[in-house]
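Working notes, beginning with the structure itself.
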Amino acid sequence: MADALANQLNNTNLGEANSELRWKEQLNMPAKDARPQTEDVTATKGLEFEDFYIKRELMMGIFEAGFEKPSPIQEETIPVALTGRDILARAKNGTGKTAAFVIPTLERINPKSTKTQALILVPTRELALQTSQVCKTLGKHLGINVMVTTGGTGLMDDIIRLNDAVHILVGTPGRVLDLASKGVADLSECPTFVMDEADKLLSPEFTPVIEQLLSFHPKDRQVMLFSATFPLIVKSFKDKHMRNPYEINLMDELTLRGITQYYAFVEEKQKVHCLNTLFSKLQINQSIIFCNSTNRVELLAKKITELGYSCFYSHARMLQQHRNRVFHDFRNGVCRNLVCSDLLTRGIDIQAVNVVINFDFPKNAETYLHRIGRSGRFGHLGLAINLINWDDRFNLYKIEQELGTEIQPIPQNIDKKLYVYDSPETIPRPISNPSQQRQITNTAANTSTTDRRHHNPPNSGQYQFNRGRGSYRGRGQGQRRSAQIESNKFGHPQGQHSGKTSTAPVS
């Protein structure tokens, strides 16, 4: 009898053990990303996500999102954050900072409570959308509600949504303060306060708002700051508002190791011709092209479209709903090229971008660092090409010195091994719905990476929008004159652009 009971107990234990081993096999995990990675994300201590003893439901979301092992910043941050200690973390762009604070934040949420338990602040609307999506993706099995709120959208909609339980609030400082001041967003029992891109959030324009927001939180809150750069103002905030923070610095060098940087000296009027040459010679999966002004963004996007390449553009003057659509469609691979201002330099994670082009060279090292960090994400390879004119030569030298990096002259032929992958269709993309994902994957598989001219041709009508959606309509006469001056710099004849419409495919 005793032997029978022992055998039965043993079989039960074996069954439970087998069930424990099999749970991961039952997950709907994406195909493994086979691209090589640099030491920016592979130089780890060898920890696994299971070593953090987090909820099974959270691990399910992590693995189903395609995560395999924690990156260095995640290894350093997650165990400390789970204890509730304040954290000041500095790591390179594209090394997994977002998941480093999202995972412990999700772990500490009590889904049975209806109170807001975490506030995540970011400096831009696009980054707010992206961060909230990471929270929803990783926490999809936890039964929690994540809400994103930013300026440029209806305040009444946010007020209505806050009538329901919101466990994690992600937003830009101004809008969150507006909701908290009106008593709509209750942060009185919100123990977690996170700032991503903290150097930007603690700039003079945001600091007063941040300090007001902190006053709505309980005194025993946990404050976590994440950024690639930490100016002196961060130290002032740390001394004033943080309690014995655990400091993490993984910045042995500032630029990502997987990004190869080149410059090309070119006269202003020859820049478009140079860009056309780059498009014809490079194997671009997706590219982001940066300009220093919104006028130049629109004009360059129009010119690229006229050259026969698919192109979107985005800048701060566009309506928020149109910016959102451009961002969403570009992330999902609808278009190969995006022209933008510095609106998208911070935190935006688009795995498929393998080329960044600075059509206009930035004025400072911080902007340069954030721009080129849009390629080479999460330890992968990327290319940064800078078009330099005579006036930029001193900035080029200054940025090299400040970042401790070398920007080389562009060679006649660029080695494809530096930025091209054998199977670009396997690069992970955000999934909005399965049917859309299948359609995008099929498009990528059936389109040659070198045949860019016929991928979403500019006048096909698919993304040809009426004037007023990010076009020239509605501007003052002075802005139109400014646009005309910029147009002449690109080599357009006088009076070519009437200012009434734009043929660049935007939304």
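In case you wondered, yes, glycine gets a Cβ from its N, Cα and C as well.
Range with Swiss-Prot annotation motif 'Q motif', chosen from 47-75, 76-104, 308-336, 366-394, is 47-75. Range with Swiss-Prot annotation motif 'DEAD box', chosen from 152-155, 196-199, 344-347, is 196-199. The number of other Cβ atoms within 10 Å of the Cβ belonging to Ala91 (ATP binding site), over all protein chains shown, comes to 23. Using a 10 Å Cβ-Cβ cutoff, Thr95 (ATP binding site) registers 23 neighbours. Taking all protein chains in view, 26 other C-beta atoms sit within 10 angstroms of the C-beta of Gly94 (ATP binding site). Under DSSP, Ala91 (ATP binding site) is assigned to coil, being neither helix nor strand in the three-state scheme.
Packing around Asn93 (ATP binding site) is summarised by its Cβ count: 27 other Cβ atoms lie within 10 angstroms of its Cβ, all protein chains included.
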